[in-house]
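Annotation source TrEMBL lists active site, tele-AMP-histidine intermediate at H114. The feature domain 'HIT' is assigned by TrEMBL to 20-129. Residues or ranges marked as motif 'Histidine triad motif' in TrEMBL: 112-116.
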Amino acid sequence: MATSNKDSSVPQEGYDKKCIFCRIVNNEMDTELLHRDEDICCFRDIKPGAHHHYLVVPTKHVGNCKSLNIQHVPLVKQMVDVGKDVLQKRNVTDLTDVRFGFHWPPFCSVAHLHLHVLAPVSQMGFMSRLVYRLNSYWFVTADQLIELLNSKVETH
């Protein structure tokens, strides 16, 4: 398990002291961490859109999904895997009734990359279905993001 740099006056690499998610990852907030390793952290969303609504974030500050490139595909896949593990540890076994996705800028409230893990989707209310709607301008699934990143061609 990675250690917190909370007591040090030198900020750790990839840390933005103004970012709420960086502060949560570094145990500066009173937020229960459901998962934490060297690369990924998971905690409950403060405004849940489903019975199980978790946020999976990189431990180092990474910008929103528009700032990603093909090198970030393994990170996104790792975030999804952590989301699945957290759900399964909470007895969510039907992974067909789950949504993994990202809000597309400018429709994200925190500029630190975060994956929304929502379950069961079939029991989400009207507003949650709207906010986390598939094929919308403001929300992309993890699979859509991975496909987009894989299709990016670097031009010089």
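Glycine residues also receive a Cβ, built from the backbone N, Cα and C atoms like all the rest.
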Average pLDDT across the domain 'HIT' (20-129), rounded to a whole number: 94
Spatial neighbours, same chain, of the residue listed as 'active site, tele-AMP-histidine intermediate' - Cβ under 8 Å, 6+ residues apart: F21, L55, V56, V57, F102, C108
Residue counts (helix, strand, coil, in that order) that DSSP gives for the motif 'Histidine triad motif' (112-116): 0 helix, 2 strand, 3 coil
The domain 'HIT' (20-129): DSSP-derived helix, strand, coil residue counts: 39 helix, 26 strand, 45 coil
